[in-house]
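Asks: The transmembrane segment feature in TrEMBL is assigned to 28-48, 68-86, 93-110, 116-135, 156-177, 189-208, 245-261, 281-298, 310-329, 355-379, 419-440.
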Amino acid sequence: MGAEVEVKDEESITKLSTKSRFRYNSPLVQVSLIGLVCFCCPGMFNALSGMGGGGQVDPTATNNANTALYTTFAVFGILGGGIYNILGPHLTLAAGCSTYVLYAGSLLYYNQQQHQGFVIIAGALLGIGAGLLWACEGAIMTSYPPTNRKGTYISLFWSIFNMGGVIGGLIPFILNYHRNEAASVNDATYIGFMCFMSAGTLLSFAILPPNRVVRDDGTRCTDVKYSSVSKEATEVLKLFTNWKMLLIVPAAWASNFFYSYQFNNVNAVLFNLRTRGLNNVFYWGAQMLGSVGIGYILDFSFQSRRMRGFVGISVVALLGTAIWGGGLANQLPYSHDHPPSNKLDFKDSSFAGPFVLYFSYGLLDAMFQSMVYWVIGALADDSQTLSRYSGFYKGVQSAGAAVAWQVDTHKVPLLSQLIVNWSLTTISYPLLVLLVMLAVKDDNKTEDEIVKEATVPSSNKDINCTAIST
């Protein structure tokens, strides 16, 4: 009888806490908050990187820093899920966010002293912090929302996060507007980025752990009992033999590999300083549109979840083929040995074509990554498993990025870079289709299983969700 009273009390408490989807402990608010954290930290970092060379005339220092960054990111991206399962969101996020502030500060130092050592060290530390932040973000974004609305929540997160790139693009555009002949951005640009990143570090303490988040139907997210180092080490090692993760490897490798080409060899090579900032506004703005569009397809296009996955992947594949084809046409007239004679300004008549291409690159990036996150989110529903899956994805993604930045440093022909980027994304599409076919259950199957489970006594593991949602 005491147990019944306890369940009823918990049920009544939960019902009181689910009156509004805008309540603090709702998935909507928590996913929005993690979006704001990423708005302030990686969003601003994206705007900084998107200028090409971190806003410097010579990209060598930032290329080397990015290689260090993505090398440590590759390691801590994979370990990040386990660290999140041990420390929880507050410590994991705060530690990760603080390294973004340090990196922006190192570029401020470089703007004055032109010594790249500090920038490279800060880049390596940022890789550690980014691995922690993105593993935590991946667990929250894929496990907090209800199963049938993960695409919507992913697009919500992606839109808020990329607003950071939009605002971040405005910072160098406004502060350097009258410096259209300048080669490097001014100190105020880096200080502005540092202020946003510091705010993101403080905001990370507002994120709730999964066992305190209540969905609108009354169910809680995973009832987390924080893990041990030995268990997480074992589970992380198992990821390398997990066939689901192996099918994601090409998509993960491709998903950040194209940044060095797009930022340094399209935006930085073709456009002058102030126009690079303006381009970033629209590049990250396009990401918001792309994430909303693909999120709608992945959640609402068909009743069958599998079919939504197939259609979403097909749409991204077709659009990606068209955009990379346009990139090929844009790339043919210039190379490292024969760069454009004049940098384009946004007031020039010939600005429109390359601008539309760069905008389309941003659109494709968001659609591609949102699609992959949706597939990962469809593989499980508990935050511990999804934190490991997301960490693995970010780790492989970062290993690819580390290689890509060195490819650019060694002046690999631009046409070769474009062909490799196009090929990597193309290879990933059929493998994702196979993964959806073999591992993603249709929504109606999931509901049938839930009904069957409700007719038998619940285990201790499931009592939290079943008692609350009754």
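Numbering starts at 1 and runs along the chain as it is shown here.
The backbone N, Cα and C atoms fix where each Cβ goes, glycine too.
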Asks: In the same chain, who gets a Cβ under 8 Å from the transmembrane segment (281-298) while lying at least 6 residues past its ends?
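Replies: Hits for the transmembrane segment (281-298): 43, 46-47, 50, 150-152, 154-156, 158-159, 162-166, 168-170, 173, 267, 308-309, 311-312, 315-316, 355, 358-367, 370-371, 374.
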Asks: The transmembrane segment (245-261): which same-chain residues, six or more beyond its ends, come within Cβ distance under 8 Å?
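Replies: Non-local partners: 49, 63, 66, 70, 239, 361, 365, 368-369, 372, 375-376, 389, 392-394, 396-401, 403-405, 407-408, 414, 417-418, 420-421, 424-425, 427-428, 431-432, 434-435.
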Asks: Is the transmembrane segment (116-135) packed against any residues at least 6 beyond its ends, judged by a Cβ distance under 8 Å, and which are they?
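Replies: Tertiary neighbours of the transmembrane segment (116-135) are 37-38, 41-42, 45, 60-62, 64-81, 83-84, 92-93, 95-100, 102-103, 105-107, 109-110, 387, 390-391, 394-395, 398.
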Asks: How about the transmembrane segment (156-177) with the transmembrane segment (93-110) - do they touch, taking at least 3 C-beta pairs under 8 Å (6 or more apart in sequence) as contact?
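Replies: Contact absent: fewer than 3 Cβ pairs fall under 8 Å.
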Asks: Does the transmembrane segment (310-329) reach the transmembrane segment (189-208), going by 3 or more CB pairs under 8 Å (6 or more apart in sequence)?
Replies: no
Asks: Restricting to the same chain and to residues at least six past its boundaries, which positions have a Cβ under 8 Å from a Cβ of the transmembrane segment (355-379)?
Replies: 138, 141-143, 145, 150-151, 154-155, 158, 162, 244, 248, 251-252, 254-255, 258, 262, 266-267, 279, 282-291, 293-295, 298, 305, 309, 312-313, 315-316, 319-320, 323, 326-327, 330, 346, 385-386, 389-390, 393, 425, 432, 435-436, 439-441
Asks: Using a Cβ cut-off under 8 Å, which residues of the same chain at least 6 positions beyond either end of the transmembrane segment (28-48) come close to it?
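Replies: Here the qualifying positions are 21-22, 54-55, 93, 96-97, 100, 103-104, 107, 126, 130, 133-134, 136-137, 140-141, 144-145, 153, 156-169, 171-172, 193, 196-197, 199-201, 203-204, 206-208, 213, 280, 284.
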